[in-house]
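A.B. asks: Quick one: structure below, then a few questions.
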């Protein structure tokens, strides 16, 4: 800057200066500048040449003003009256940040784990042949499912499970897989699957598919190479020498029987040996003692996880391994009577002496001791129920395989919101301990849960007490801290409306949707679909062809969408199974317009379950059961709101629960009823219910039932959490 420019610059700023006595500063000698010296402001200027040749001005006693140069700002920012507030504000901000971080960390540490998608929503099972046909061939397909996705949104259901759609000869409708990486043309193409999966995720839904590890189709390339003796594939299946005449087995390796009946061994004329099939002869069992087979099937899991599926249902897992020694399985004693104890107690005896009890478990589980009867003719054993299956299911090593698959799924669960779910299917009947083993251990996780099929027995002895027994059976045997689940119907079992009666559809759906854990609904249960009638000459189910009394076709009829021809399922002239003749009075469209329909109730209950904390993660206390009534309480620590569910599974009844549970209030409000026109409040001293009626009663209390000592054996919780009302949050370790 030139001297002339510098002079003009100083004069300009001097003209802008104003008298500001409050900002006067003392000189170096402690004196103050004189007043009234005739100048507008006393300005002391010292110019120093900077490194780049520019002058740096030293301002003093100039009042701060808008647009001031940084030199003026810096002059005043170092004064205590400005510096001290800044430092206080800075350290206050730091302190607040640390407190906020500490509070956040504490809340995270104390908060229970958020429920995953497979815990917070019901699972809806689709049998793809019967859900929706999009190409007018009379068979449901993947595009059809995609066209009906809004139905799940309407139901408040966020998890969809689709039964097999793999390429298959359809000897067992998709459970005989020819290629695990291809879609069968009857259901569409891989592009159709990708579009379906994308649409499911766009709606915030999750997809579970079937994984069938035990066997393949005999058309699978692995089996073809195995029977031809291709070196790598020789032991992909279980081959043993046997005797045959003209291709018919005359002396199988042992007496093992297929689930579908008759010998589990089939002679192959190409290889000249018998192969094992625990289901149809067209479904040869894989040999999982061969490491290559295990790797192949693990790669199949990876294939579908990389596709983006959210979960896998592991089909028929208990059959994966067989005993290597191939001993004959012991025969069931047809004269054995498991109800002897009950018989004598009902007779009125006062006591029983249990003789030689130390041998009980050996007789049940250690069946290596019975000697094989060399005279036993395997041809005389034709039914799966005639043998104890000690060597063909639940073998040592099974859970190691499942745990390995769980670890693979965990590899794909690291992305937020993309947890991969695993459920196992195993009908273990009275051996519930075996079922519980699929949960894994506290050290090694296995399935998220094994399917709970015990409520499928409810129609056999429908009553409040029987329902209580079945619910308690699962909850009392389930390992602590694990998640329960409930199933009342599927593609292998009669529909509940036919197994008992249509009048019980609503109350059983209320049971399903108000118990703790994950409910699984079979398609059509939300509207109360019934079985269809199928004559013997129309049977398509392979199990039904062997034994017509076991035919599963009646449970798999087309979904009833509306009153149009074929119930809106298909525009084809003929559907693969007949539509129920009463579809015009029982369909989705009609029930959507009826406030008292099963569909409306189902939707109401799913919304209630989602919105009320005690219903989807609280305690369950089984407080009462008799021949007619099953009642239980759902409550959450720290939350005054609780729910009493009263289900009538027998005859009309008036129940006084205040007598047996005095901790309950005298009255409760009716939140949901399976019958229209119910009262808004109800006395708990006289709860009147009709046959098939269910009630969800809401009340407020400070005396949780699960803290009452006499109910502790009947109260269960999976993931304990407490509600902190002041902040409206959940915390654990309460």
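Note: Cβ is positioned from N, Cα and C throughout, glycine not excepted.
Nobody curates TrEMBL annotations by hand; they come from automatic prediction.
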A.B. asks: According to TrEMBL, region 'Disordered' applies to one of these ranges: 21-41, 42-62. Which one is it?
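C.D. replies: Checked against TrEMBL: region 'Disordered' maps to 21-41.
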A.B. asks: Have a look at 65-87, 88-110 and point to the one annotated transmembrane segment in TrEMBL.
C.D. replies: 88-110
A.B. asks: Using Cβ atoms and a strict cutoff of less than 8 Å, what residues sit near the transmembrane segment (88-110) while being 6 or more residues removed from its termini?
C.D. replies: 729, 731-733
A.B. asks: Averaged over the domain 'Glycosyl hydrolase family 13 catalytic' (125-556), what pLDDT does the predicted model reach?
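C.D. replies: A mean pLDDT of 91 is what the predicted model shows over the domain 'Glycosyl hydrolase family 13 catalytic' (125-556).
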